[in-house]
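Worksheet: the structure to be examined is printed underneath.
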C-alpha cells in the first residue's frame, strides 16, 4: 500500500476489465483510494479500452473522485473516491463497447448515493464478450432485484458492432441496505421464451430461422413445454447499424431465470446462432443450479454488500466468479465459501456459493 491506497493487480486470475469494475465500484462505496496496476494484462490488447475508461470516468463523476492515468491504453490508474451523489450522469464509449458493462460498474455505487440517479449509457447494446441488453432486462434485472431494490432500464436505441450508437437510460433510487438472497431451490422449468432479433439491413427471415433452429434443438431435450421465441425486426428509428441475435430464457417454479444467448455475425449461419443459444441454455439447465453462468459472477458484489448471509446454488464456478470473489474479499469484510452441493445426483456439478455480507449501510439515508 502507498499510504492507505489499496493495491490491485489487474493481471491475475481472469485478468480483464471485470477486476477494474469490481474494485472501482467497491473503492467508491467504501471510500478506499485505489491503485490498479497491470490493467487487463491477460488480454490481447492490454490497458484501458474506451468502455473501461468511460466506466471509470462515470464512477469518478458519481462520487466527485480523482482519477489519474485515465487514458486509452493506460495499464495503471489511481483512483481517489469522494462522496457518492445522485443526479444525471452520462457515459459514452463512442464505440460498440458494452452499455451493460458500464451498468455493472455504476449500479452498486448509485444504490448507496444520496439521492436518485439517472444514468445515460451509450455504446453497444448487444456486444460480444458482454451480456446483451436483453439479458440484462430479462434475467439480470428480476434476479438482482431479489436483493430488495428496483431499477428501471429503458432501451432508447439499440447499437451494434462496429459503431455502437445505442443508448440505455437506467433510473434507480438509493437504498438503506441490501437484503441477502437465498437461491438454493431451482424448482422445475415452467416456461421457455425469448426473442430472436434482426436490425438494419437484415431480413426478418433470419430471425425466424434462428428461432426455429433454437426450438428444434431444445425440443430434443424438453418435449412437453411450449417454447415461445418471438422473431422481431427492430424498428429503424430505434436501432443504429446492422445486427442480429437471440436470447432464450427458462423460468422455473421457484422464480429462477436462466438463459442462453448468441449473436449473429457476417458469415455465421442463422441456424447456428439459434442452436448456440439453445445449447447454452440446456447446458445451464443441466447442472441444476439456480443461476446461469452469466449471472453467477454479477451477483458477487451485491452478496458482498448485503447484510446477512446469502446463498446461491450454481453450476461449475467460472473464472469470472472466482475473480469477483477474490477482489470482493480483498476490499470488503465479506467472507465467501464455495462448497460442492451434496444433496443431489453426484454426477451433477453443483456448488453452493455462500457469503457473509459486510452489511453496507447507506450513510446518506
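Just so it is clear, glycine is given a Cβ too, placed from its N, Cα and C backbone atoms.
Per TrEMBL, the feature domain 'RNA 3'-terminal phosphate cyclase' maps to 13-338.
If you look up TrEMBL, you'll see 104 marked as ATP binding site. Its own atom aside, the Cβ of residue 104 (ATP binding site) has 23 Cβ atoms within 10 angstroms in the protein chains shown.
In the predicted model, residues of the domain 'RNA 3'-terminal phosphate cyclase insert' (184-286) average a pLDDT of 97. The annotation domain 'RNA 3'-terminal phosphate cyclase insert' is assigned in TrEMBL to 184-286.
Using a 10 Å radius centred on the Cβ of residue 320 (active site, tele-AMP-histidine intermediate) and all shown protein chains, the other Cβ atoms total 20. Positions annotated as active site, tele-AMP-histidine intermediate by TrEMBL: 320.
Here the C-alpha separation of residue 320 (active site, tele-AMP-histidine intermediate) and residue 104 (ATP binding site) works out to 13 Å.
Residue counts for the domain 'RNA 3'-terminal phosphate cyclase insert' (184-286) by DSSP state, with H, G and I taken as helix and E and B as strand, are 36 helix, 37 strand, 30 coil.
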